[in-house]
Amino acid sequence: MCGIWALFGSDDCLSVQCLSAMKIAHRGPDAFRFENVNGYTNCCFGFHRLAVVDQLFGMQPIRVKKYPYLWLCYNGEIYNHKKMQQHFEFEYQTKVDGEIILHLYDKGGIEQTICMLDGVFAFILLDTANKKVFLGRDTYGVRPLFKAMTEDGFLAVCSEAKGLVNLKHSTTPFLKVEPFLPGHYEVLDLKPNGKVASVEMVKYHHCKDEPLHALYDNVEKLFPGFELETVKNNLRTLFDNAIRKRLMTDRRIGCLLSGGLDSSLVAATLLKQLKEAQVQYPLQTFAIGMEDSTDLLAARKVANHIGSEHHEVLFNSEEGIQVLDEVIFSLETYDITTVRASVGMYLISKYIRKNTDSVVIFSGEGSDELTQGYIYFHKAPSPEAAEEESERLLKELYLFDVLRADRTTAAHGLELRVPFLDHRFCSYYLSLPPDMRVPKNGIEKHLLRETFEDSNLIPKDILWRPKEAFSDGITSVKNSWFRILQEHIEHQVDDSMMATAAQKFPFNTPKTKEGYYYRQIFERHYPGRADWLTHYWMPRWINATDPSARTLAHYKSAAKA
């Protein structure tokens, strides 16, 4: 996990513009570098490094002797870099996983390169020989990327929007900044004056398609057909592999553990594999909550079962409310459910950074979208409608859950790894018949639970524990986190403010006082940037007025049972 930043064709003083790159210094606390591009006085790269692999030669932009005309700045991990190196017999100059991008590009061009990358990434690749700039981002947008481009060809790119919003350009008083779409790459021509022109934007991968790099990976051959036992066996194989490949690091590994199904499966499988790899330190697991939190109790039970070195972080409502401003600044969004869930994750990341030496943190993000884990999936009108919704959620992850997961951990110099969003695991799961993936017997994620039924990885009651949103589970059932927030905000936003909300915020007008409060904070940090969020996250198929699962009838009936 790092912070990348680049400018092409800047007509303002680069030494002044470079101050903007310092806004993402938290992403790379180990080192930073600014580097001008030879022959282009108005182009430069900025890089903030979190040293996770190759402590000696890992600085960026990466340049190697064989390709003096290539410059690469990237944020991410390419898990199959060694496999690709061996298969194509590339000669590496460093131990950096991203070096594979240079070799693949030289061999087959940008499309062949990006389709071969098994991992999470956002990159800027400059080819001065062919006068091209390439931008690329992974399938689900696990690693963030923002860009700004003017009509006269000034291009600015950064891991987070906050590194771009204060840039200056002569022709544009207000620089339009937007997220770079996941699963895409862009080709741009580099002109002699350092400015660029977009040639094409290409969607290179859909989540349902088996990735091209699957031809070269180490996964044992999957069994054909959709018999239940066959499917379960294949899912276990792919999940195991998704975690094993993510052990690639020189830093200590930890794991977030909420006590829900997803994080528990990740923690249990991770610990098992660390033991098999004879790693010399115990796995640290981390849970957060208030007194009487349902998550804390469940996480404690899982930690005892798997034998991790478990850390519990307690916080009170005042501490949670106090960090709302810095959380929204870090997130760059005002989405209600994202803000709620981010407070706990932000606080636990702060604890990890301050009190431990764990840096690479595993988590369960992506599972709910992939395996239809949200409670409202019980109301899906058909398996096909549920399938369509699942794919929509995966496509929008970069606006919600993976945005939350990245920003809250990156704010404290941690790197998050999300095995449920593994390319092979996802494409296989999405290839299964729609009626296999829907909730069954009143239980969501039934197939995933069944898959690990006989593994003894986690306690049975955790394996079948109903879905609990992270922002709900950190508190007791009697007093949910969203109610605590709403009670506080009730005194901060009055009815007259709500009456003029549509005039003040015509785009994505907040419908509740809580939404208004978050929007106010957001606008203070990022005025006029509301369009970064296309819409609020909200359950489907029910007349929901709040994104919390605890407001839904299904949750209430399950809680009484």
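Note that Cβ sites are derived from N, Cα and C of the backbone, with glycine treated the same way.
TrEMBL annotations: computationally assigned, not manually curated.
According to TrEMBL, the protein has these features:
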DOMAIN    2-191  domain 'Glutamine amidotransferase type-2'
ACT_SITE  Cys2  active site, for GATase activity
BINDING   Asp97  L-glutamine binding site
BINDING   Leu256, Ile288, Ser363, Gly364  ATP binding site
SITE      Glu365  site 'Important for beta-aspartyl-AMP intermediate formation'
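Comparing the residue listed as 'L-glutamine binding site' with Cys2 (active site, for GATase activity), their Cα atoms are 13 Å apart once rounded. In this record, ATP is bound by Leu256, Ile288, Ser363, Gly364; the longest C-alpha to C-alpha distance in that set is 15 Å.
Closest in space to Glu365 (site 'Important for beta-aspartyl-AMP intermediate formation'), of the recorded positions given as Cys2, Leu256, Ile288, is Leu256, taking the CA atom of each residue. The recorded positions under consideration are Asp97, Glu365. Their Cβ neighbour counts within 10 Å are lowest for Asp97.
The 10 Å shell around the Cβ of Leu256 (ATP binding site) contains 27 further Cβ atoms across the protein chains shown. On the 0 to 100 pLDDT scale, the domain 'Glutamine amidotransferase type-2' (2-191) averages 92 in this prediction.
Residue pair Leu256 (ATP binding site) / Cys2 (active site, for GATase activity) shows a Cα separation of 20 Å.
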